[in-house]
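Q: Okay, these came from TrEMBL:
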TRANSMEM  33-55  transmembrane segment
DOMAIN    37-503  domain 'Major facilitator superfamily (MFS) profile'
TRANSMEM  75-96  transmembrane segment
TRANSMEM  103-121  transmembrane segment
TRANSMEM  127-148  transmembrane segment
TRANSMEM  160-180  transmembrane segment
TRANSMEM  192-210  transmembrane segment
TRANSMEM  322-344  transmembrane segment
TRANSMEM  359-377  transmembrane segment
TRANSMEM  389-409  transmembrane segment
TRANSMEM  415-436  transmembrane segment
TRANSMEM  448-467  transmembrane segment
TRANSMEM  479-497  transmembrane segment
C-alpha cells in the first residue's frame, strides 16, 4: 500500500541500480545544521500560521472600524489563509529558479509589506489587496520553503522533524493571539499591524538560515536504509513507477542538452569579455551586463523547465495515480478540520454548556492536543517497523469518525473527549510532507507539496462559506458536519483503494506472462 521515494521518485540515474556504491552522506543530514532548519521552520509556523489563527482579534477591530457585514469582513482573513496555500504551485516555480533561501527572504519582505500597508487601510476592499493578496503571497513564499527544507535535511527522522517544526502553528496561535490583543488594546489596531509587520521581517532571518544542500548530498539521500515492511509495501506501485521512470529519463536528457547549449553561450560571453580587456571601459561594462543577463536567463530557463515538466511534461506528477488520489483527498480534508472551530460555540450555546466552556474552551482542547498529536505521530511514524502511510490513514479515519459523531454529543465531557481526539488525529498534518516526499521523491517535493497545499487552500477558502450556506438553508449545524464528513470520507477512500488497484495490476500482468 505504501510507496517510498526510491520506487516512485524521479531520481532515475544509473546510480540507482542495485550494487552501486553509496555516497558518504553529509554530517548535516539528520543532525548538525538540520536542527537549525527545524528551528527556522518552527519560527515560520509561529509567525505565519500562528498569526493567521489569531486574525479573529483583528476581525473584530475591522468590523467596528469599517461597519461592514460580517461575511464581507471575514473574506479578508479567508483570502490571506487561502492564498497562502493556493499559490503553492507557483512558489514551486520560484524555488526551482531561485532556491528556498532567496524565495523565503523575498516572501518575508512581501509579507511584512502587506502588514504595514494594511495599517493605512481606509476600507475593507483595501485590505483585500494589501493583507489578503500581498501578505498572503508573501506568507506562501516563506511557508513552502520552510517545509521543503526540513524534508531535504532529514531522512531517518523526517516525521519527527516535521512534527516538531509544525508545532509552531499551535504555539503561534496562543502567542500571536495574546500579542495582537495586547497591541490592539495599547496602541490601536493600525499601530498593531504596523508593529506586526516589523516583527514579520524576522521571516527574512528564518529564510537566511535555510542553507541549501549541495547536489551530491541530495543524491546521497537515495541510499537511506528502509525497513523490510516498507520494501514489501513499496512493490504495490512498481507498475506506475516504471512508467514515470521512463518519462523521467527522457526529461533529464533534454535538460542535459539545454545545459550544454547554455554553457556554450556563457563560455562565448566570457571569451568576449577576456578579448575585450584592451577595449574601452564602456565595452567591458556592457560585456559584464551581458554575462549577468545570460546567467540569469539560464537559471530562469532551467527552473521553468523543471517546474513545467513536473506539471505538464512527460514526467508529470499527475502520472502517479496515488498522488492524484492524494490531491483529491486534500480538496476535502482541510475544511473538515476547520468546521468544528466554526460551529462549536453554537453547540455549546445550544446545550447550555457556556459556563464549563468558559473555564476550559473546547477549541483550546483541540489546539493543545493538536501540538502533542503532531509530535507523537511523528515519533510513531519514524519507528522502523511502522509505515508512515498506515499511520496517516489511521489518523484520517479517526478524524472523520470524530467529525461525524461530534453533533451527537450533548455533554461537556463527551464533547471534550471528541475534541481531544480531533486535535490528536489532526496531527497528521505533520506527516503530509513526509508522505508527499515518499510518493514523488525529494527532487520534486517543492512542486508536489505546492499542489497539495493548493488543494488545501481551496478547501480552506470555500469550506467555511459552504458550511455557513448549509446552516443558512437547514438552520442546523448537524448537516455541516455530516456533509463535510462524508466528502472527507470520499477522499480517504480514494487514498485507500488506489494503492490496492496499483497492487493488483502487476499481479495480473505477471499471470498473463506466465500463461504465454
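Cβ atoms here come from the backbone N, Cα and C positions, even for glycine.
Tell me about the setting of these features in this model.
A: Taking Cβ pairs closer than 8 Å, the transmembrane segment (75-96) reaches residues 48, 52, 55-56, 58-59, 62, 103, 106-107, 124, 127-128, 131-133, 135-137, 139-141, 143-145, 148, 302-304, 306-307, 310-311, 446-447, 449-454, 456-458, 460-461, 464-465 in its own chain, all 6 or more past its ends.
The list of residues near the transmembrane segment (127-148) in space but at least 6 beyond its ends in sequence, with Cβ under 8 angstroms from a Cβ of it, reads 40-41, 44-45, 48-49, 52, 62, 75-76, 78-88, 91-92, 94-95, 100-101, 103-104, 106-115, 117-118, 121, 162, 165, 203, 206-207, 210, 433, 445-446, 449-450, 453.
If you look at the transmembrane segment (160-180), the same-chain residues 6 or more away from its ends with a CB under 8 A from one of its CBs are 34, 38, 41-51, 53-54, 56-58, 146-147, 150-151, 153-154, 192, 196, 367-368, 370-371, 374-379, 381-382, 427, 429-431, 433-434.
Here the transmembrane segment (322-344) has long-range neighbours at 3, 8, 237, 240, 362-363, 366, 396, 399-400, 403, 406, 415, 419, 422, 426, 435-436, 439-440, 448, 451-453, 455-460, 462-464, 466-468, 471, 477, 480-481, 484-485, 487-488, 490-492, 494-495, 498-499, 502, meaning same-chain residues at least 6 beyond its ends whose C-beta is under 8 angstroms from one of its own.
With a threshold of 8 Å between CB atoms, the same-chain residues lying at least 6 positions outside the transmembrane segment (359-377) that come near it are 159-160, 163-164, 166-167, 169-171, 173-174, 340-341, 344, 348, 391, 395, 415-416, 419-420, 422-431.
Residues 1-3, 233, 329, 333, 336-337, 339-340, 347, 377, 380-381, 415, 418-419, 421-422, 424-428, 431-432, 435, 438, 477-478, 481-482, 484-486, 488-489, 492, 495-496, 499 of the same chain lie 6 or more positions beyond the ends of the transmembrane segment (389-409) yet place their CB under 8 Å from a CB of it.
Distant neighbours of the transmembrane segment (448-467): 71, 74, 78-79, 81-92, 143-144, 147-148, 310-311, 317, 323, 326-327, 330-336, 338-339, 342-343, 432-433, 436-437, 439-440, 480, 484; these residues of the same chain sit at least 6 beyond its ends, with a Cβ under 8 Å from one of its Cβ atoms.
Under 8 Å from some Cβ of the transmembrane segment (479-497) lie the Cβ atoms of residues 322, 325-326, 328-333, 335-336, 339-340, 342-343, 393, 396-397, 399-400, 403-404, 406-407, 463, 466-467, 470-471, all in the same chain and six or more residues away from its ends.
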